[in-house]
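Since the structure comes first, as structure tokens, the remarks are kept for the end.
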């Protein structure tokens, strides 16, 4: 006897909660590398973002008359909080993180209808809101621990986040200094600043912060997220097309740029292993709600992000570009899906 049932006939055994937990678990290698090189601030930011995201989610659901507990347990708000905490500078003032996280949940997610309805990636909406509103604080990263002038423990990190000063009274401006007395910035920011001052890329990359493929600490952070991304691919949580297209197009664009203008462009490997490249390619751009859903569309979507990342890094006003690239690509998803929709078997071409 055959059972008669309605579609769908193929099912994914992984529920939403399981998928979200797997993605959070895959963030662990990158998070550990980030914490090793940049201190306890990232952990504090993630915890604060979790409290804010879950509280905002519960508040909006209560106002909308929707069940609160199932939505809090599905893991979507928690994942958004984790991605926000990982994306922001470790010692960003607490109220900025709360503002960005609440905006991500209330506006970027629930204004469009809630889970599965948002047009834009909520974590990246929060990031861009804060970057445009508070550019100085959003580009204030600590130097890697190996070249930092001050040792920042958990208490110091918490004190700076909530009061603006360490336990010893040092300000954020002082804590940003390296052992050579120079104020540190991310490798991408240092490169952008040096090029605007008329230096060549080779001259800029003699700076202390440049070491390895993507700069001190950043190479390991990106390797950590690459490892987590490969885990997601192995678990079939994400599709290979989006990260593959992003990394491939970014590598190709960076290679062409480096061959044509080597004095004004960093090496292709630098673009792959600096900034938010691996976090963006495997964890942010692959958001199943705001990303393209067709096989060819995912390739187009990924290529668009990769090219935009390089163009904005090279010619734009912001050192890293993943948030802008992802949001611009999100905007194009309806058109991409419409143009790349698979042909129905047996249908005639018009």
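Cβ coordinates come from backbone N, Cα and C, glycine included.
Feature annotations, reproduced from Swiss-Prot:
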type: TRANSMEM; residues: 19-39; note: transmembrane segment
type: TRANSMEM; residues: 41-61; note: transmembrane segment
type: TRANSMEM; residues: 67-87; note: transmembrane segment
type: TRANSMEM; residues: 88-108; note: transmembrane segment
type: TRANSMEM; residues: 122-142; note: transmembrane segment
type: MOD_RES; residues: 186; note: FMN phosphoryl threonine
type: TRANSMEM; residues: 213-233; note: transmembrane segment
type: TRANSMEM; residues: 242-262; note: transmembrane segment
type: TRANSMEM; residues: 264-284; note: transmembrane segment
type: TRANSMEM; residues: 299-316; note: transmembrane segment
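A contact between the transmembrane segment (41-61) and the transmembrane segment (88-108) is present, since 3 or more of their C-beta pairs, 6 or more residues apart, lie under 8 Å. Contact between the transmembrane segment (213-233) and the transmembrane segment (67-87) is absent: fewer than three CB pairs lie under 8 Å, with pairs separated by 6 or more positions in sequence. Ranking 67-87, 122-142, 242-262 by CB pairs under 8 A with the transmembrane segment (19-39) puts 67-87 at the top.
Beyond the ends of the transmembrane segment (122-142), by six or more residues, the same chain brings 38-39, 41, 80, 83-84, 87-93, 96, 99-101, 103-105, 107-109, 148, 152, 172, 175-176, 184-186, 189, 284, 318-319, 322-324, 326-327 to within a C-beta distance below 8 angstroms of the stretch. Sequence-distant contacts of the transmembrane segment (264-284) (same chain, six or more residues past either end, CB-CB distance under 8 Å): 23, 26-27, 30, 83, 86-87, 121, 123-124, 186-188, 191, 195, 200-201, 205, 212-215, 218-219, 221-226, 228-229, 232, 238, 242-243, 246-247, 250-251, 254-255, 257-258, 305, 309-310, 313-314, 319-320, 322-323, 325-326. In the structure as shown, the Cβ atom of the residue listed as 'FMN phosphoryl threonine' sits within 10 Å of 24 other Cβ atoms.
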